[in-house]
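Comments concern the structure below.
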Amino acid sequence: MAAEQIGQTPSTSSNSLLRQVTIIGIAMISGLILGLICHAYGKNIYITKTTDLVTFIMGASDLIVHLFLRLIKMIVAPLVLATLIAGISNVQDTSTIKTIGIKVILWFIAASFVSLAVGMVYANIVQPGVGFTDNPPPIAADHSSYHFDIVKFTLHIVPDSIVDAMAKNDMIQLVVFAVFFGLGLARLPGKSAQTLRDGIDAMGHVMLKVTDMVMKIVPLVVFSSLLSIATQNGVQIIEKYGIYLIEFYILVLIMWAILIGAGYCMMGKKVFKLLPFISEPVLVGFSTASSESAFPRLLEKLTEFGVSPKISAFVLPLGYSFNLCGTMVFLSFAAIFIAQVYHVNMPWDKQMMMLLVMMISSKGIAGVPRASTVMLAAVMPGFDIPAAGLALIVGIDQFLDMARTATSVLGNGIVAAIADEWDQKEQLKKSKTTTL
């Protein structure tokens, strides 16, 4: 439903978005500034005999952030199931879902390849690892190669139990169950089936209301998250890793330009109207370093923009498993960086093979903080890159994760809007065929 359909005019919706983004921006800046002050002076101030101000602030801030993430995880499974089942079960012609689904999957594959390639080429150009340190972490005596298991991956797609999938918030398994359930419900005739469809649709609306309630504390969560990071690390982390962070954030901006450019090619100028709507979810993802935390708000903002709930509910969960552009661009950039630090010879054919393995094995990464670091540790040894090199970036991984999460949220928001454009064209084509 569009913004007008939920009781807002375009102007009031725009003002609300601007106000929300401004409040979050103020929370980010305030958290950073106060955190830097606490890092500098907090260790000399004691709250109790054994607890200084830094320890107290980090503990309190982390508590708020973790409570928020748990609230989000509580919302995700019922929200995905309700919106996706309601959307599919009310579609009379299921061929539309199949057509859009194929296009979306092809888009995900292309986006993953482009993201990995951009990160790889950029790392070869700027060479962030050359001269970074003369004393890298020692290489472990034994590190095993990574082997992608297609059988395990395929089996993982289908849930053993929907209860288990909901408990783990496994997006791809939730989507598979919801698609089967929705298609089955669509084929079920009678008033009882319609009553069930209406009930599931109502559940989706209830979960969106719950999302609104939870999202009211986002500014506090953003403030707490950055307060904790700045209090723990201070300015030293920027002084030590400043150039690396700048190079990576430039790469992220390049990726954003590519994503927006791709959106412009598919949607025209509408992509620029979309950006203000998804700016808040992007900021939430950036602040919490978890794309999962931005999911409910992204779904809601896409609906306000005018994206069909059935499309966004279908595309976004898939995107959270298959279209993490920020993760992709980081994987190749970080792997080449560590290879350069350890002077590992990486000819182009070897890099392309690593790119292929990363693209395949990364599918299904959960939208949780630092999952990509685990993926790097698994893949790099297979290409003679020491996993011990991850110690070089673990200290700033929070800052890296913030940027790659925001990129993934942006990419998924754009592809959902593009998929809605495809759906509208399909519906228009079918209506013309019916008229003829």
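Numbers run from 1 along the shown chain.
Yeah, the Cβs are placed from backbone N, Cα and C, and that goes for glycine too.
Unlike curated records, TrEMBL annotations are generated automatically.
Residues annotated as transmembrane segment in TrEMBL: 20-41 (among others).
The transmembrane segment annotation in TrEMBL covers 104-125 (among others).
Residues or ranges marked as transmembrane segment by TrEMBL: 171-188 (among others).
The transmembrane segment feature in TrEMBL is assigned to 217-235 (among others).
Here the transmembrane segment (241-262) has Cβ contacts under 8 Å with residues 111, 114-115, 118-119, 122, 126, 128, 132, 271, 275, 325-326, 329-330, 333, 337, 393, 395-396, 399-400, 403-404, 406-407, 410-411, 414 of the same chain, all six or more residues outside its ends. Residues annotated as transmembrane segment in TrEMBL: 241-262 (among others).
Within the chain carrying the transmembrane segment (311-339), a Cβ under 8 angstroms from the stretch's Cβ atoms is held by residues 80, 83-84, 86-88, 97, 100-101, 104-105, 107-108, 111-112, 115-120, 122-124, 128-129, 132, 171-172, 174-175, 204, 244, 248, 251-252, 255, 259, 291-292, 295, 298-299, 302-303, 346, 351, 354-355, 358-359, 362-367, 371-372, 375-376, 379-380, 383, 385-386, 389-390, 392-393, 400, 403-408, 410-412, 415-416, 419-420, 423, all 6 or more beyond its ends. The transmembrane segment annotation in TrEMBL covers 311-339 (among others).
Sequence annotations record features per position, and here TrEMBL assigns transmembrane segment to 374-396 (among others).
When Cβ-Cβ distances below 8 Å are used as the criterion, the transmembrane segment (104-125) is approached by residues 251, 254-255, 258, 262, 314-315, 318-319, 322-323, 325-326, 328-333, 336-337, 340, 351, 355, 358-359, 362-363, 411, 415, 418-419 of the same chain, each at least six residues removed from its ends.
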